[in-house]
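Have a look at the structure below, then the notes.
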Amino acid sequence: MGNNPLGVRKGTWTKEEDILLKQCIEKYGEGKWHQVPIRAGLNRCRKSCRMRWLNYLSPNIKRGSFTRDEVDLIVRLHKLLGNRWSLIAGRLPGRTGNDVKNFWNTHFEKKSGERENTENINPKLINSSNIIKPQPRTFLKLRPKETKKQKNIRNVCTANDDKQQPLSTSGQLEEVNERIRWWSELLDFADYVD
DNA sequence: AAAACGCACAACCGCGAAGGC
DNA sequence: CGCCTTCGCGGTTGTGCGTTT
């Protein structure tokens with residue numbers, strides 16, 4: 001705990017630090033994490049600031065214990081996705097990857113051998129061969145601009161499919177529906193695997 | 001009363017991916 | 001195209017606190 005040789009503070013966050021960080025994010029918004037410690041006047045590294053905000057201070061965070069539905073969803077998604085905590089958390093509003101990971105590690109990881117129902121599944125049984133890799137898809141609002149990789153992939157796809165249409169409004173709606181359908185089928189498949 | 005233990009969760013670290021130049 | 005910086009994720013460790021002995 002305390003400062004390291006470079007002068008960056010480590011360890012548990014104080015109330016004052018939380019306030020400074022919160023004020024900074026509210027003023028400048030999320031992102032540009034390398035600037036956050038300077039702007040907030042915090043003696044913390046950018047990673048520490050980001051982690052603190054995303055896992056604890058963000059107003060979207062839902063605190064408290066997991067509901068039965070949430071646990072069920074976690075179990076099913078973990079069966080399909082493996083330790084893709086951020087992806088699993090993405091299907092649980094208000095929960096973070098760290099939350100899900102901690103929950104899994106404390107409630108499931110150490111209980112291997114004493115399982116009998118879906119709440120006691122041994123995650124160690126999951127390997128790369130039976131994990132379904134998520135399709136490289138993101139929702140429209142989460143895709144502010146095309147990345148290099150996406151551009152490359154799209155170029156390849158377009159070259160192979162000259163019938164590709166530009167996205168219209170109804171097309172975008174269909175795309176969203178398609179993604180919802182994909183997740184539903186994914187969960188149905190999880191039930192099927194049971 | 002206090003030491004030992006266990007649990008839950010906060011926090012750190014390493015690494016790969018993404019993006020900018 | 002390569003290099004450097006930044007971001008984000010997952011594994012692991014640390015810490016605080018309640019419970020047990």
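Placement of Cβ uses the backbone N, Cα and C atoms for every residue, glycine included.
The annotation domain 'HTH myb-type' is assigned in TrEMBL to A:8-57 (among others).
Across the range of the domain 'Myb-like' (A:9-57), the DSSP-based residue counts are 31 helix, 2 strand, 16 coil. Per TrEMBL, domain 'Myb-like' is recorded for A:9-57 (among others).
Residues annotated as domain 'Myb-like' in TrEMBL: A:58-108 (among others). Per-residue pLDDT, averaged over the domain 'Myb-like' (A:58-108), rounds to 87.
As annotated by TrEMBL, domain 'HTH myb-type' applies to A:58-112 (among others).
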